Amino acid sequence: MGAERRLLSIKEAFRLAQQPHQNQAKLVVALSRTYRTMDDKTVFHEEFIHYLKYVMVVYKREPAVERVIEFAAKFVTSFHQSDMEDDEEEEDGGLLNYLFTFLLKSHEANSNAVRFRVCLLINKLLGSMPENAQIDDDVFDKINKAMLIRLKDKIPNVRIQAVLALSRLQDPKDDECPVVNAYATLIENDSNPEVRRAVLSCIAPSAKTLPKIVGRTKDVKEAVRKLAYQVLAEKVHMRAMSIAQRVMLLQQGLNDRSDAVKQAMQKHLLQGWLRFSEGNILELLHRLDVENSSEVAVSVLNALFSITPLSELVGLCKNNDGRKLIPVETLTPEIALYWCALCEYLKSKGDEGEEFLEQILPEPVVYADYLLSYIQSIPVVNEEHRGDFSYIGNLMTKEFIGQQLILIIKSLDTSEEGGRKKLLAVLQEILILPTIPISLVSFLVERLLHIIIDDNKRTQIVTEIISEIRAPIVTVGVNNDPADVRKKELKMAEIKVKLIEAKEALENCITLQDFNRASELKEEIKALEDARINLLKETEQLEIKEVHIEKNDAETLQKCLILCYELLKQMSISTGLSATMNGIIESLILPGIISIHPVVRNLAVLCLGCCGLQNQDFARKHFVLLLQVLQIDDVTIKISALKAIFDQLMTFGIEPFKTKKIKTLHCEGTEINSDDEQESKEVEETATAKNVLKLLSDFLDSEVSELRTGAAEGLAKLMFSGLLVSSRILSRLILLWYNPVTEEDVQLRHCLGVFFPVFAYASRTNQECFEEAFLPTLQTLANAPASSPLAEIDITNVAELLVDLTRPSGLNPQAKTSQDYQALTVHDNLAMKICNEILTSPCSPEIRVYTKALSSLELSSHLAKDLLVLLNEILEQVKDRTCLRALEKIKIQLEKGNKEFGDQAEAAQDATLTTTTFQNEDEKNKEVYMTPLRGVKATQASKSTQLKTNRGQRKVTVSARTNRRCQTAEADSESDHEVPEPESEMKMRLPRRAKTAALEKSKLNLAQFLNEDLS
C-alpha cells in the first residue's frame, strides 16, 4: 500500500509542474514510475493528452504554462535515454508517437494558441531528444510536412516555433532539402524580423545558405543584423568566405548606424577572425587584401587598436634597423599600412601616445632620406614590361607602400625648423623626379601643402615645381656658324704653313750649326703644334648649352595639373587668382581643356572649376565653356563639369551667369525712357536662366547613373539653399526617387530621401512648393504609358508622401511663427486644389487617390465654410461609392468643426468681459479654440511625418494614418463639450509597485482547469 501511495498521478504532476521552484527531474522520475506500473498504457496516454490540452489553449507566454510544456516534453522524451533497454524503448516509445500523432492532427486548428503550442511542443520534443535518438520515418515525414505548412502561418509566433522545430530536420548537404529551401525563402522574405532572427539562429551554414546569412547583415532591423554577425562569427570559418565578402562584412559592420551592431561586429566577428589568424594582426590584414581595401583595413586596425594595450601595438614596429625605421627589404603592404595607421592612432592619443610614437618614428631629417631612397627604388614601366602582369603587380605593390610612407609624414614632428626645411626640400625633389609614379603625386602635394601655411608661398613653390617638371633644364649641342667654321679652317691652314716653314728653318739651322736659333725654332714649333691641337679639338666638338625644353606629353601634363588641382583645393577662396595663377591658367589649364587625352581634359576641367570659385568674373567668363564640356565630352569629364557648374551656382547664384546683363546708364543728359527695351532684356535674362536650368535638369533623365545622381544632388542643394524655387524640378525629383530605374542608385535614393523632409519642414514656402507639385506629379503618374517604368509606381503612396511633407504640424518651430499670421495653411490651399481637380474630372480613375488624400489633410476651421460648398458640389457629381463615403465623413467632420468654431468665437467674446483673475486662462482657451480641427490632428499627426517609403516600394502600410484619422474623428465628436487636449498630456506612468501588482494578478493558474472532471 505504501508503494501505491507514492505513485504520482498525472493530474498532480501537472499541478506541481506549475510551481516555479519545483524540481522537474524528480517529477519526471515519479511520473515514469507511475507509467511503468500501469498495464494499459492507452489510459495513461489519453489522460496525459487530456491535461495537456488545457495548456495548449493558452496563447500568452505565462510562466506556469511554459513550465508545464517544459515538463511534458522532458517526461515524454525521458524514455529515449541511452541507458534504457531496447525492448523498453520500443514499448515506451509509444507515448512519444501518440503525442506526435495528436499534435500533428491539431496543427491546423483554427485557434492561434493551439497552432502555436503544437509547434512549440514539437520543437521542445525534438530538442529534448538525445543526439542518437530515432523516430519512425513516417512520423518524421509527417512532422516535416506539417511544420513546413506552419512556416506559412499568418501568426509570426507560430512561424517562429515552426522554424525552431525544423532545425533538427534540415540536411545542409542536400541541395534539394525542403527545409533549407524554406529557410532560404523565409530569411529574405518574411515580414517579421523575429522570424528572420529565428531562421538565422537555426539555418545551417553551407555553400547555398552562406550568401543568405551574409545578406542579413543588410537587414533593416538592428536585431537581425546583430544576430547575423554573431552567427557568422560562431558558425562560419573565415576561409569559407571570399575576400570580397570579408571586406563587405567589415565595411558594413564597422560603419553601421547602430552601436549594438558595431559592438557585435568588433566583439564577435572581428575577434573570431583574429583567433583564426592566431592573433597575428598582419596575417589578418593579409586575408583582407589591403591594397584594394585600405579604408576598410584602417577601420579594422582602429577597432583593434582601441582594445589593445599601446605597448603591445608598438611591438610589431620595433623590428627596425636602429634608426627607428623598418628596413626597406622587409616592407610589405600590411606592415606599411599597420605602421601608418598606428602612427595616426598614437598621434590622436595626445601626450599618452606621443611617448610610444617616438619609439617607432625617427626625426624628419632621417625619415626624409628614407622616403627618398624608397621612392627612387620604385621601378619604371618600360614598353617591354607592359604585358608582364607580375611586374605590374609588383610595381603596384611598391606604389601602395610608397603611399603609406608618404601618409606617415602627417605624424612627424615638423615644429623644428631644420627638419621641416629638409622635409620640404626632399618632397620637392621627389616631385621633380621624372620617374615618380603619377599615383603618388597627389599624396606628395597634399603633404607638401600641409606643411606650408601661407597661400602665396604655396603658389610660389608649386609653380616652381610645375616649371621644373614641364620645362626641365637640358644640355644640348649647338652647331657652329658656317662663317666661324671657315675662319677656323683658314687658321688651321695658316698654322700648318707656319709649321712647315719652321721645320725647314730648323733643318737649315742644324745644318749651319746655329744652335741658338734652332732652340728658338723648336719652341715655336711646339707652340704651333699646341695651337693646331686645340683648334682641332674645337672643330671636332659641338658646343654644349643648357636650355629649357617644354614637354607636352600626357604624363607630364597630368602631373602638372594634379599639382595645380591640389593647390587650388587647399587655397582659401579669399586669396583670389594671383598673376602667377593666371599664368598657369593660360599656359596649362585652358590648353588642357582641348587636349586629346581624356585624363588631361578631366583634370583641366577640375582645375577650371576650382579657379571659378576663386573669382566671380573668371567664373562668369568661362561658364559657357563648362556648359559646352558638359554637353559634348566623355562621361567622366561631364560629371566633373557638372559638379563644377553646381559649385559655382551655389557660390555665386544664377545672376552672374546670365549672358544678357541690364546695364543702367548713368551718363549725364541720358534718360532711360524705353521701358520696352528693358523688359525685353529682362525676358532674355529669364530665358537664359531657364535654359541653364533646363540643361542641368535634363541630366535627371540620363542613362548614366553618376550623371543622374550629380544632377539630382546639385538641384537639391540649390533648392535647399534658396537659390532655386521650382515646383516642376521638385516634381521631377520626386518621380526620380520613386522611379524603379533608380532602385540600385543608393547614393541618389539616400540623398533625396534626406532632402525631401528637411527641405519641406524648413519653411512654409518650401511646403507651398510641394503643394504646387502635388497635382502635376500625380497627373504624370496617371498618364504614364504601360511601357514606362513610372507605371509601376503606386500613386496612392506618392500622394501620402506629399500630404505628409506639407503638414503644418511638421514645420520646424522657427518656421511655425510665420504660419501663425496666415489664416489658411498649406493643407487648406491643397484641399481647394484637390476639390477643384475632382470637379474638373469627377469620373477620373484618380478620384479615389484625391479623396483619400483629402481625408488625410489637416484642415483649419477658417476653410470649413468654403470647403463645404465645394464638397456639396462634388457629392452631386461623383458616382463612386467608396469616394462618396469618404467625402461624407469629411463633410461631417467639417460641419462639426465649423459649428465648434462659431461657438468658440462667441465664447472668446464673452471671455473678454470676465474678471482679470481668469483673463490668462481665457486667453489660453481661446488659442486652443482658434483651430480645433488642426489642434486635435497636430499632436496625432506628428508621428506620421516620416517619409512613407525609403526605396520607392509600391505598397506601403497605411494603418498608422488610418488610426490617426479614427482618433481624430473621436476627438472631434467629443469636442462639443470639452476643450480638446493633446493626447500626450492624458498619459500617466504607473509606479513600479502598481506594475508589479498588476503582473502578479495577470499570472495564470491552471489549477481551476485541472480540477475539472474528465470528459
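Using N, Cα and C of the backbone, Cβ positions are placed for all residues, glycine too.
Summarising the annotation, Swiss-Prot assigns compositional bias 'Polar residues' to 941-950.
The Cβ of Ser390 (phosphoserine) has no same-chain neighbour under 8 Å that is 6 or more residues away in sequence. For the recorded site, Ser390 (phosphoserine), the DSSP three-state label reads helix. Per Swiss-Prot, phosphoserine is recorded for Ser390 (among others).
The annotation phosphoserine is assigned in Swiss-Prot to Ser674 (among others).
According to Swiss-Prot, the phosphothreonine annotation covers Thr931.
Taken from Swiss-Prot, the feature phosphoserine covers Ser973 (among others), and the record attributes it to a large-scale study or a structure entry.
If you look up Swiss-Prot, you'll see Ser975 (among others) marked as phosphoserine, on the strength of a large-scale study or a structure entry.
The phosphoserine annotation in Swiss-Prot covers Ser1002 (among others) and is backed by a large-scale study or a structure entry.
The feature phosphoserine is assigned by Swiss-Prot to Ser1015 (among others), with a large-scale study or a structure entry given as support.
Look at Swiss-Prot and you will find 94-131 tagged as repeat 'HEAT 1'. Helix, strand and coil content of the repeat 'HEAT 1' (94-131), in residues and according to DSSP, is 30 helix, 0 strand, 8 coil.
Positions annotated as repeat 'HEAT 2' by Swiss-Prot: 138-173. Beyond its flanks by at least six residues, the repeat 'HEAT 2' (138-173) meets 97, 100-101, 104, 107-108, 112, 115-116, 118-120, 122-123, 126-127, 179-180, 182-183, 186, 190, 192, 194-195, 198-199, 202-206, 208-209 of its own chain at Cβ-Cβ distances under 8 Å.
Sequence annotations record features per position, and here Swiss-Prot assigns repeat 'HEAT 5' to 276-313. Residue counts for the repeat 'HEAT 5' (276-313) under DSSP, helix first, then strand, then coil, are 23 helix, 0 strand, 15 coil.
Taken from Swiss-Prot, the feature repeat 'HEAT 6' covers 399-436. Per-class residue totals from DSSP over the repeat 'HEAT 6' (399-436), listed helix then strand then coil: 29 helix, 0 strand, 9 coil.
Within the chain carrying the repeat 'HEAT 7' (439-478), a Cβ under 8 angstroms from the stretch's Cβ atoms is held by residues 375, 399, 402-403, 406-407, 409-410, 414, 420, 423-424, 427-428, 430-432, 542-551, 556-557, 559-560, 562-564, 566-567, 570-572, 575, 578, 580-581, 583-584, 588, all 6 or more beyond its ends. The repeat 'HEAT 7' annotation in Swiss-Prot covers 439-478.
Marked as repeat 'HEAT 10' by Swiss-Prot: 865-907.
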Beyond the flanks of the repeat 'HEAT 6' (399-436) by at least 6 residues, Cβ under 8 Å: 290-291, 294, 331-333, 336-337, 339-340, 343-344, 346-347, 357, 361, 363-365, 367-372, 374-376, 378, 380, 443-445, 447-448, 450-452, 461, 464-465, 468-469, 472, 559, 563
Distal contacts, the repeat 'HEAT 1' (94-131) - CB-CB under 8 A, six or more residues away: 35, 41, 44-45, 48-49, 52, 55-59, 69-70, 72-74, 76-77, 79-82, 139, 142-143, 146-147, 149-150, 153, 155, 157-158, 161-162, 164-165, 168-169
Tertiary contacts of the repeat 'HEAT 5' (276-313), as residues 6+ beyond its ends and Cβ separation under 8 Å: 237-239, 243, 246-247, 250-251, 254-255, 266, 270, 332-335, 337-338, 341-342, 345-346, 349, 352-353, 356, 396-397, 400
The repeat 'HEAT 7' (439-478) - residue tally per DSSP class, helix then strand then coil: 29 helix, 6 strand, 5 coil
